[in-house]
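Features reported for this protein in Swiss-Prot:
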- ALA9, TYR10, SER11, GLY12, GLY13, LEU14, ASP15, THR16, SER17, GLY115: ATP binding site (BINDING)
- TYR85, ASN121, ARG125, SER173, GLU258, TYR270: L-citrulline binding site (BINDING)
- THR117, ASN121, ASP122: L-aspartate binding site (BINDING)
Amino acid sequence: MSKEKVILAYSGGLDTSVAITWLKKDYDVIAVCMDVGEGKDLEFIHDKALTVGAVESYVLDVKDEFAEDYVLPALQAHAYYEQKYPLVSALSRPIIAKKLVEIAHKTGATTIAHGCTGKGNDQVRFEVAIAALDPSLKVVAPVREWKWSREEEIEYAKANGVPVPADLDNPYSVDQNLWGRANECGVLENPWNQAPEEAFGITNSPESAPDEAEYVDVTFKEGKPVALNGKEMKLADLIQEMNVIAGKHGVGRIDHVENRLVGIKSREIYECPGAIALLTAHKEIEDLTLVREVSHFKPILENELSNLIYNALWFSPATEAIIAYIKETQKVVNGIAKVKLYKGHAQVVARQSANSLYDENLATYTSADSFDQDAAIGFIKLWGLPTQVNSQVNHPFDK
């Protein structure tokens, strides 16, 4: 009797390698690894999955799709969870879940497995996404079921011939993609401990960053960054290039105690050099091109979208509707932002746009001023009329 097939989200690490051995007793395991911009050795991971016991192994480079369909909407929405975290890991989980479901359909698998623990956000993100895409698929979470200590897991691995990585004594848990790098555990679990330099991987410290500022011109077309210093490139490549440039200058270090979806607080160290530089540049072009009412209303939806994405609801009608609104606002977001990178800071120091609503003749205080100041008298009277009437009725001046 043939076994059911299970699709395993495979990283090549100890947890998911042990999961193959554990799952293959009851399933034919099909391992799937995706590169969302962390620079994995896909060939090595492909072969390792087969060596450990998978019957098939898929490796997928999804950087371009991730950048265009997931990162770009978040960039255009200035998506920060709790006004601080640019949703690094939260953005990659929906595309990973989507690809797992696609391969399940392709191979006839009935079940999807992931390597998340029972106290993190990612278990929720994967399982809610899978249920949204195909509720008939079953989900198993070996690591959550084991509840093993690290020592017990290593003992099981050795007993079953699973290679134990040489860097297993690394105290940190790291997740990385195009949009940044997330780090937790070890000394970071005490929020009073300053994060040591060894906890950072893609940014220089501001103290060791170059003593000379660097300027980067970011070109936007309909809200999408399309060129750095005039050189056009694919979005995924542009983000990676900005990661290198801004990371060199110490941009994008974030130390955050956040409220997890599962109800606990967690101290996280994020490095998002490209994200912070591009988010900063994009906001400045919006400030130049969007009318006041859109500029004031859009942040309300941005905050709601950030919460939806963080809280595992990418495949929600609410998320789809907000992204559609955001996309509509981007038609006029064209131009160039000049970003100054220096000692941990990304600052826009100049900007221009063919869609600019900034009129120098209206704004100037020189003799070139074309603003009709006499019109201000009637405007002020009408603008303040409701407040004036309320005061006269409810708070008459007491002589």
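Using the three backbone atoms N, Cα and C, a Cβ is placed for every residue, glycine included.
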Looking only at DSSP and grouping its letters into three states, which state does ASP122 (L-aspartate binding site) belong to? helix
Rounded Cα separation (Å) that holds between ASP122 (L-aspartate binding site) and ALA9 (ATP binding site): 12
Just to be sure I understand the packing, how many Cβ atoms besides its own are within 10 Å of the Cβ of SER17 (ATP binding site)? 28
Per residue, counting other C-beta atoms within 10 angstroms of the C-beta, which of the binding-site residues TYR85, TYR270 reaches the highest number? TYR270
Whole-number Å distance separating the Cα atoms of TYR270 (L-citrulline binding site) and SER11 (ATP binding site) is 20
CA-CA, which of the binding-site residues TYR85, THR117, ARG125, GLU258 lies nearest SER11 (ATP binding site)? THR117
Length of the line joining the Cα atoms of GLY13 (ATP binding site) and SER173 (L-citrulline binding site), in Å: 11
Using a 10 Å cut-off on Cβ-Cβ distances across all protein chains shown, tell me which of the binding-site residues (SER11, ASP122, ARG125, SER173) has the largest neighbour count. ARG125
The binding-site residues listed are TYR85, THR117, ASN121; by CA-CA distance, the one closest to SER17 (ATP binding site) is THR117
